[in-house]
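Q: For Cys16, Cys18, Cys38, Cys41, the entry in Swiss-Prot reads Zn(2+) binding site.
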Amino acid sequence: MKSGIHPTYVTTTVTCTCGSTFTTRSTAASGQIHADVCSACHPFYTGKQKILDTGGRVARFEARYGKRTPAN
């Protein structure tokens, strides 16, 4: 590698708004990164993910316009 063209790679502490912290390496000069979400509080990783109710939308459409009848 060429010297002088790569940024310094330092040990960095990542702090989430939930209070969770972990250590990694980064080019952030301050050695501190503040994150809004992490794997400890993100709904996808915690299992508290909300699934949209698309079936309710179909039922509402059918109630409004009626269910289609086959044309035989």
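Cβ atoms here come from the backbone N, Cα and C positions, even for glycine.
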Q: Determine, for the Zn(2+) site, the additional residues of the same chain whose CB lies within 8 Å of the mean position of the CB atoms of Cys16, Cys18, Cys38, Cys41; present them in sequence order.
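A: For the Zn(2+) site the neighbour list reads Thr17, Gly19, Ser20, Ala35, Asp36, Val37, Ser39, Ala40, His42.
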Q: Please work out the number of neighbouring Cβ atoms within 10 Å of the Cβ of Cys41 (Zn(2+) binding site), leaving out its own Cβ.
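A: The Cβ of Cys41 (Zn(2+) binding site) has 16 Cβ neighbours within 10 Å.
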Q: Starting from the Cβ of Cys38 (Zn(2+) binding site), draw a 10 Å sphere and report how many other Cβ atoms land inside it.
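A: Other Cβ atoms found within 10 Å: 17.
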Q: Using a 10 Å cut-off on CB atoms, tell me which of the binding-site residues Cys16, Cys18 is the least crowded.
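A: Checked Cys16, Cys18; of these binding-site residues, fewest Cβ neighbours within 10 Å: Cys18.
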